[in-house]
Amino acid sequence: EFKEAFSLFDKDGDGTITTKELGTVMRSLGQNPTEAELQDMINEVDADGNGTIDFPEFLTMMARKMKDTDSEEEIREAFRVFDKDSNGYISAAELRHVMTNLGEKLTDEEVDEMIREADIDGDGQVNYEEF
């Protein structure tokens, strides 16, 4: 799972994530980090100081993130990334759009399945509580 996430960032497949690659992924998620912010993010986990993130460093970062469980605000922000029209629901189309931007080509069945798994009230979309 983490390897898959890592390869979403590592666009050229060379085994490292550069500030450029990090920026590309963040922009595809609707964020707009500055060069300095990207560098800070990399520096936080760049144990060997070579200016890029390799897979072991990525795992360290993920472990840190998971321990420091996402704040309400981070979860809300993530929800907003998916909820393109800001109507309070994530539709199959919105989910597909974000996943495609991340380079994840999903079939309609896979998207519907993801929605079904999260959709507790059965209305065919995902609200904030379900998210």
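If you go along the chain as it appears here, the first residue is 1 and each next one adds 1.
Heads up, the Cβ atoms here are built off N, Cα and C, so glycines get one too.
What Swiss-Prot says about this one:
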DOMAIN    1-32  domain 'EF-hand 1'
BINDING   Asp10, Asp12, Asp14, Thr16, Glu21  Ca(2+) 1 binding site
DOMAIN    33-68  domain 'EF-hand 2'
BINDING   Asp46, Asp48, Asn50, Thr52, Glu57  Ca(2+) 2 binding site
DOMAIN    70-105  domain 'EF-hand 3'
BINDING   Asp83, Asp85, Asn87, Tyr89, Glu94  Ca(2+) 3 binding site
DOMAIN    106-131  domain 'EF-hand 4'
BINDING   Asp119, Asp121, Asp123, Gln125, Glu130  Ca(2+) 4 binding site
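Annotation note: Thr16 (Ca(2+) 1 binding site) sits in a strand segment as assigned by DSSP.
With respect to Asp14 (Ca(2+) 1 binding site), the closest of these binding-site residues in Cα terms is Glu94, chosen from Asp85, Glu94, Asp121, Asp123. Looking just at the domain 'EF-hand 1' (1-32), the mean pLDDT is 89. Under a cutoff of 8 A between CB atoms, and with a sequence separation of 6+ in the same chain, the neighbours of Glu130 (Ca(2+) 4 binding site) are Ala118, Asp119, Ile120, Asp121. Proximity of distant same-chain residues to the domain 'EF-hand 4' (106-131), defined by a Cβ-Cβ separation under 8 Å and at least 6 residues beyond the stretch ends, is recorded for 75-76, 78-79, 82, 88-92, 95-96, 99-100. Residues within less than 8 Å, Cβ to Cβ, of Glu57 (Ca(2+) 2 binding site) and separated from it by at least 6 positions along the same chain comprise Val45, Asp46, Ala47, Asp48. In the three-state DSSP scheme, Tyr89 (Ca(2+) 3 binding site) falls into the strand class. Candidate binding-site residues: Asp10, Asp12, Thr16, Thr52, Asp123. Nearest to Glu94 (Ca(2+) 3 binding site) by Cα distance: Asp123. Counting every protein chain shown, the number of other Cβ atoms lying within 10 Å of the Cβ of Asp12 (Ca(2+) 1 binding site) is 10.
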